[in-house]
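All remarks here apply to the structure that follows.
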Amino acid sequence: METPTLNKSGSLTIVGTGIESIGQMTLQTLSYIEAADKVFYCVIDPATEAFILTKNKDCVDLYQYYDNGKSRMDTYTQMSEVMLREVRKGLDVVGVFYGHPGVFVNPSLRALAIAKSEGFKARMLPGVSAEDCLYADLCIDPSNPGCLTYEASDFLIRERPTNIYSHFILFQVGCVGIADFNFTGFENSKFGILVDRLEKEYGAEHPVVHYIAAMLPHEDPVTDQWTIGQLREPEFYKRVGGVSTFYIPPKERKEINVDIIRELKFLPEGKVPDTRTQIYPPNQWEPEVPTVPAYGSNEHAAIAQLDTHTPPEQYQPLATSKAMTDVMTKLALDPKALAEYKADHRAFAQSVPDLTANERTALEIGDSWAFRCAMKEMPISLLDNAKQSMEEASEQGFPWIIVVGVVGVVGSVVSSA
């Protein structure tokens, strides 16, 4: 299949507003809303809607395409198509969705795929998702001990596997098996089928956290801890709604592989690894997790070093001009300035007043390492090491920037790509 060329006028940028009203909207998202020719939005609180309307004069509410009993897939098709019609007219369109615009959102992904296939510029900007809020509010780390995330109906239909050693997050638990829409909410009559599966995997006594992220600044999140068995009782399941999420903590902790620990040389020779104990802090939602104390011998030793601490030789303090700070901020928050810079690095760099020579060179090069060297006070030893590794990469044909080993000075030697 021939790849379309990106030479058409018109573009589509998909952004997210986060979950909590207004405050979780990123600066990047706001800048694209303000710069758009036309904005389409689908948000769940009126304060965010009103805020969007103050940032652009041409806004359309996508929520109007929902209706009682109407297939959500039909709605999603219509939402994506009304955005695409304006892109095809040559407009720079922004689609705004609550949360992260690509997490449990269909019309955004559909519109992006079609726009790209037709040769238009199209991209998605990240936003704060309900899962991000859950991590923060429940104070859990998805990397420890890993995390599974499913949509509740899909979890049942496709018999998705669980992992009792990891965090488990289930979305859309308040509309199990429901494919249409209702302005008044969902009856959720198939909820018991989900409970059956959870009991089979974890047992009736295992904890489950009923979670709802705060949507308004003055609200607190819902973090009710129940047991899976309690989900069968009306007192509990009637509190599960369309924005409810379940978090199920690990049932057990998997022991480490001692042979792999030794092969990776994680511990000094002769030291026996602890196969069960977890680092501090423990997961407050998980039963019976053996955890080291907050202040053990290692922690006390580390804290004792604070009073005599000095920055290490390879620490890189900031050393940049106001002009460079301003231009980097402009590139981050002004889509039109960013487009100018991407079109011609050198011309843009030459147009910016009051830069140092190294800052201007970094702008012309456009490489992250060049920016770092121009904006940080770089120790000679670090630059020498970087120069050696980059020269080796350049010899192998990689398009690296070569940095000369002088503190704060960037060489503009660029190998051919």
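Yeah, the Cβs are placed from backbone N, Cα and C, and that goes for glycine too.
Looking up Val173, Val406 in Swiss-Prot for N-methylvaline, the annotated residue turns out to be Val406. Binding site for S-adenosyl-L-methionine per Swiss-Prot: Tyr98, His100, Val103, Ala130, Gln172, Ser244, Thr245, plus Ala213 from the candidate set Ala204, Ala213, Ala214. Per Swiss-Prot, the N-methylvaline annotation among the candidates Val43, Val403 falls on Val403.
Scan Swiss-Prot for N-methylglycine across Gly95, Gly408 and the hit is Gly408.
Here the recorded positions are Arg72, His100; the one with the fewest Cβ atoms within 10 Å of its Cβ is Arg72. With every protein chain in view, the residue among the active-site residues Tyr76, Tyr98 whose Cβ has the most Cβ partners within 10 Å turns out to be Tyr98. Within 10 Å of the Cβ of Gln172 (S-adenosyl-L-methionine binding site) there are 20 other Cβ atoms, across all protein chains. Remark: Ser244 (S-adenosyl-L-methionine binding site) has Val173, Gly174, His210, Tyr211, Ile212, Val222 as non-local neighbours, by Cβ distance under 8 Å and separation of at least 6 in sequence.
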